[in-house]
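Here's the structure we're looking at; comments come further down.
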Amino acid sequence: MALEYLEQEPWRFLISSATVIFLVLNIAAVLTLAERKVSAYIQLRYGPNRVGPRGLLQPAADVVKLFIKENVSPGRADRWVFLAAPIAMFLPAAAVWLVIPFGPGMVVADLNIGLVYFFAITSIGALGVIMAGYGSRSNFSLLGALRGAGQMISYEVPLILSLLGVAMLTGSLSMVDIVEYQAGGFWNWIIWPQLPMFLAFFVSGLAEVKRIPFDLPEGESEIVGGFMIEYSGMTWALIQASEFASMAVMSAVASTLFLGGWQPPLPFLDLGVFNWLWLGIKTTLLIFVFQWIRWTLPRLRMDQLMDLGWKILVPVTILWLFVTAGAMLVI
């Protein structure tokens, strides 16, 4: 009887969703170590090297430390909104993984509107930032939340436009169909005809994740941590996990839509059921670029951030949509 229940679609979806959340939390923990190691490499340091061999157990030590820290809520805070905000930030980052295909038949939910689902879920992240700023009842938190909301909503526009070209080329909104469209070798990857769109998507992804040079909602040197200033312990850890999970999911989506997803760069490198390794390699490389930018570029001013989004990325993506449409008509 238990096996019959597990074969039913709701149970399968719930188990798959729980597995995805567990994996996302572990990915976020590993990325904290990767972030420290990359920053140490860039700054000619060793990085964490005390806990476990070569510091590999540092994430476990961090989790234990954060578990035993007290979760302090400000006296004036709207408690339920304050505590719900980290969850509202983390769940969208985890939910996107449900539609990312890791290999042939390896997807939790193969939606025929996968791109629309991605747009809808990522836009919810701004709500969590607003909840954190409003629920904290702190001027710095509120200012950071307003910055974050303006930034994330502004960069949703070029983010969506950058993926319309992909949908036009493939004729589908399903991520599985888009990956299968890129089969046959790296010369069939969508990044080549859609290079400006890929760059626009990547820059918009940086802004959506709120990473340097787009970390104005946090801005430690300006607004003392922004919307995160009143959080501590595991609530603070969940916000950090949502940031790292968002970075990983943006890299995975970029790899899926522009770099062939699970498709190998050359046909003879096909690994069959282990093709998910190719998606992992591509995603890891893009995560490294995220971290490289984080530790080498300064923060932009608010006016520079808005100018980049509205005056450069939006016109470029609209122009390339017309170029793509014209090329499809001619060819």
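Even glycines carry a Cβ here, placed using N, Cα and C.
Marked as transmembrane segment by Swiss-Prot: 13-33 (among others). Panel annotation: around the transmembrane segment (13-33), residues 6, 48, 55-56, 58-60, 62-63, 93-94, 97-98, 108-109, 240-242, 244-245, 247-248, 287 of the same chain, lying at least six beyond its termini, place a Cβ under 8 Å from a Cβ of the stretch.
Residues annotated as transmembrane segment in Swiss-Prot: 80-100 (among others).
Distant neighbours of the transmembrane segment (113-133): 81-82, 84-93, 95-96, 99, 141-146, 148-149, 152-153, 156, 159-160, 163, 166-167, 173-176, 178, 208, 217, 226-228, 231, 239, 242, 246, 253; these residues of the same chain sit at least 6 beyond its ends, with a Cβ under 8 Å from one of its Cβ atoms. Positions annotated as transmembrane segment by Swiss-Prot, on the basis of sequence analysis: 113-133 (among others).
The annotation transmembrane segment is assigned in Swiss-Prot to 159-179 (among others).
Residues or ranges marked as transmembrane segment by Swiss-Prot: 183-203 (among others). Sequence-distant contacts of the transmembrane segment (183-203), counting only residues of its own chain at least 6 positions beyond either end whose CB sits under 8 Å from a CB of the stretch, comprise 158-159, 161-163, 165-166, 169-170, 250, 254, 257-260, 263, 265-267, 286, 289, 308, 313, 316-317, 320, 324, 327.
Annotation comment: Swiss-Prot describes 249-269 (among others) as transmembrane segment.
Per Swiss-Prot, transmembrane segment is recorded for 273-293 (among others), and the stated evidence type is sequence analysis.
According to Swiss-Prot, the transmembrane segment annotation covers 311-331 (among others), on the basis of sequence analysis.
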Find the member of 80-100, 249-269, 273-293, 311-331 that has more C-beta pairs under 8 Å to the transmembrane segment (159-179) than any other listed stretch.
311-331
